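Listed features, source TrEMBL:
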- Asp148: active site, proton donor/acceptor (ACT_SITE)
- Asn7, Glu385: Mg(2+) binding site (BINDING)
- Lys14, His208, Ile209, Gly210, Asn211, Gly212, Asp283, Met284, Arg285, Gly331, Val332, Gly333, Glu334, Asn335: ATP binding site (BINDING)
- Arg91: substrate binding site (BINDING)
- His180: site 'Transition state stabilizer' (SITE)
- Arg241: site 'Transition state stabilizer' (SITE)
Amino acid sequence: MNILVINAGSSSLKYQLFNMKDESVLAKGKVERIGMETAILTHEPSGKSEVHEVSEILEHTTAIRKVLDKLVHPQQGVLTSTAEIDAVGHRVVHGGESFKSSVLVNEDVKREIKRLFDLAPLHNPAHMLGIAAVEANMPDVPQAVVFDTAFHQSMPAPAYLYPVPMALYRKHKVRRYGFHGTSHKYVSERAAAFLGRPLEQLKLVTCHIGNGASCAAVLGGKSVDTSMGMTPLEGLMMGTRSGDLDPAIVPFAMGKEDLTLGEISSMLNKHSGLQAISGISSDMREIVEAVEAGDKNAKLAFDMYEYRLRKYIGAYAAAMNGIDAIVFTAGVGENSELLRKTVCEQLTFLGVEFDEEANRAGRGQDRRISKPGSKVEVLVIPTNEEWMIARDTYALAQKTN
Ligand code: ADP
C-alpha cells in the first residue's frame with residue numbers, strides 16, 4: 001500500500017510518498033510560490049535524479065496535479081499510475097477540542113476544520129485547499145487528517161485552562177491546545193522502544209526544538225502538559241517568536257510605540273526570539289558560529305534560549321513528580337551539541353549524568369547522550385512527522401477496505 005503525505009501551506013505544499021510494506025520513501029518534494037507564474041516544483045524520486053521545474057501554478061489543484069504527474073512520469077516517476085496511491089494523509093495544524101486523534105475526511109470533518117479557521121487562520125485554510133485539491137484530482141481516494149494538536153488533548157484541565165474569566169473558554173474556546181503533537185508522540189514511542197521499557201511506565205520530557213519549539217510532559221505515553229498554548233507563540237524562546245512574556249507588555253508596547261494589533265502580533269511572532277536578541281539571525285547555526293567568534297549579543301540570545309528551555313524541563317519534572325528521560329528532537333535538538341550540553345550539564349540536580357563524547361557522536365540516529373547508570377536518561381531521536389501521518393492514514397484507510 002502506498003500513502004501520499006501532504007503538508008499544504010498557503011503558498012507552498014510539501015509531499016512524501018511512502019511504501020508502507022517496507023516503510024520506504026518512494027519520492028518526496030515540494031511546490032513553492034503557489035499563486036505565481038514562477039512557481040517552483042522540486043521532486044526527489046528515490047534512486048533517480050532530483051528535478052527542478054519553474055512553471056505557472058496559480059492554485060493548489062494545479063500544484064497537486066503537477067505532483068501527481070511527476071509521481072507517474074515515465075522517467076522521473078516512481079509509480080505507473082495514480083491508482084497505486086491508496087490513500088492521502090494531510091497534516092492539519094489545529095484540531096481544536098473536536099479531534100483527539102486522526103480521522104478520515106468526510107463532510108462533517110471538513111465542516112469542523114473550517115469552523116476552526118479562527119484558531120489557526122494562517123494554517124487551517126491552507127490545509128483545506130490541499131484537501132480540496134486532492135479531491136479534485138483523485139475523487140475516489142480516501143483522505144485522512146492528522147492534527148498537530150490531537151496528542152495534547154489528553155492534558156487535564158489544570159494544565160490546559162488559563163486563569164482568565166471562564167467565559168473566554170466557554171464562548172471562544174480560549175485554552176491551551178499545544179502543537180508539534182505528532183512529533184512529541186513519535187519520539188515518545190521511539191524513546192520507549194530505545195530504552196526497552198513500556199511507554200505506559202515512563203515519565204518523559206520531549207523537547208521539539210526547531211524554528212518553532214515546544215516541550216511536552218509525557219506521562220505514561222500521554223501528553224499532560226506542553227509549552228505552546230492556544231497558539232504556537234507561547235512557551236519557549238524560538239527563532240523569531242518571543243515565547244512566554246508578561247501579557248501586560250502587549251498593551252504597554254502598543255501604547256508607547258503606537259502599534260496596531262497586527263503590528264504587535266507580527267513583532268512577537270516574526271521579529272522576536274533569537275533574531276531580536278542577537279540582531280544576527282533566527283538560525284541556531286549562525287548563532288552558535290557567532291557565539292564561538294565572541295559575539296556578545298549572540299551569546300546573550302543563546303543563554304536566554306537555553307535558560308528558558310532548562311526552566312521548562314525543571315517545571316515538567318515537577319508536573320510529573322520526576323523524569324525518566326529527556327528527549328531532544330527537530331533541527332536544533334537533533335543537531336546542536338552546544339545546546340544539549342549546556343542544558344544537560346545544569347540538570348545534575350535531577351540526576352542527569354551527561355556524556356560529552358556520546359553527545360558528539362552518531363548524528364542522524366536514535367542515541368543516548370547520558371552516561372550508563374544516569375538516573376535520568378537523555379536521548380536524541382530524529383523526528384519523522386511524515387511517517388507518523390503515513391502510519392495513521394494507513395491504519396484508517398485499512399478500516400475502509
Ligand atoms: P522547522 O520548525 O521549520 O521544521 P527544523 O526542525 O528543520 O525547523 O529546525 C530548523 C532549525 O534547526 C534552524 O533554526 C537551524 O538553525 C537548526 N539547525 C539545523 N542544523 C543545526 C546545527 N548543526 N546546529 C545548530 N542548529 C541547527
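For all residues, glycine too, the Cβ spot is worked out from N, Cα and C.
TrEMBL entries are annotated by machine, without manual review.
Positions of TrEMBL features highlighted on the structure.
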{"residue": "Asn7", "record": "Mg(2+) binding site", "CB count, 10 Å": "22"}
{"residue": "Lys14", "record": "ATP binding site", "CB count, 10 Å": "18"}
{"residue": "Arg91", "record": "substrate binding site", "CB count, 10 Å": "22"}
{"residue": "Asp148", "record": "active site, proton donor/acceptor", "CB count, 10 Å": "25"}
{"residue": "His180", "record": "site 'Transition state stabilizer'", "CB count, 10 Å": "31"}
{"residue": "Asn211", "record": "ATP binding site", "CB count, 10 Å": "16"}
{"residue": "Arg241", "record": "site 'Transition state stabilizer'", "CB count, 10 Å": "26"}
{"residue": "Asp283", "record": "ATP binding site", "CB count, 10 Å": "16"}
{"residue": "Arg285", "record": "ATP binding site", "CB count, 10 Å": "12"}
{"residue": "Val332", "record": "ATP binding site", "CB count, 10 Å": "27"}
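Note on Ile209 (ATP binding site): other Cβ atoms within 10 Å of its Cβ, all shown chains, come to 26. Site extent for ATP: among the recorded binding residues Lys14, His208, Ile209, Gly210, Asn211, Gly212, Asp283, Met284, Arg285, Gly331, Val332, Gly333, Glu334, Asn335, the largest C-alpha separation is 24 Å.
Only Asn211, Asp283, Val332, in sequence order, out of the binding-site residues Lys14, Arg91, Asn211, Asp283, Val332, Glu334 have a CB under 6 Å from ligand 1. Sequence-distant neighbours of Glu385 (Mg(2+) binding site): residues of the same chain at least 6 apart with a C-beta under 8 Å from its C-beta are Arg91, Thr182, Ser183, Tyr186. Nearest to His180 (site 'Transition state stabilizer') in space, judged by Cα atoms and limited to the recorded positions Asn7, Asp148, Arg241, Arg285, Glu334, is Asp148. Reduced to three states, the DSSP call for Asn7 (Mg(2+) binding site) is strand. Around Glu334 (ATP binding site), taking its Cβ as the centre, 18 other Cβ atoms fall within 10 Å, counting all chains.
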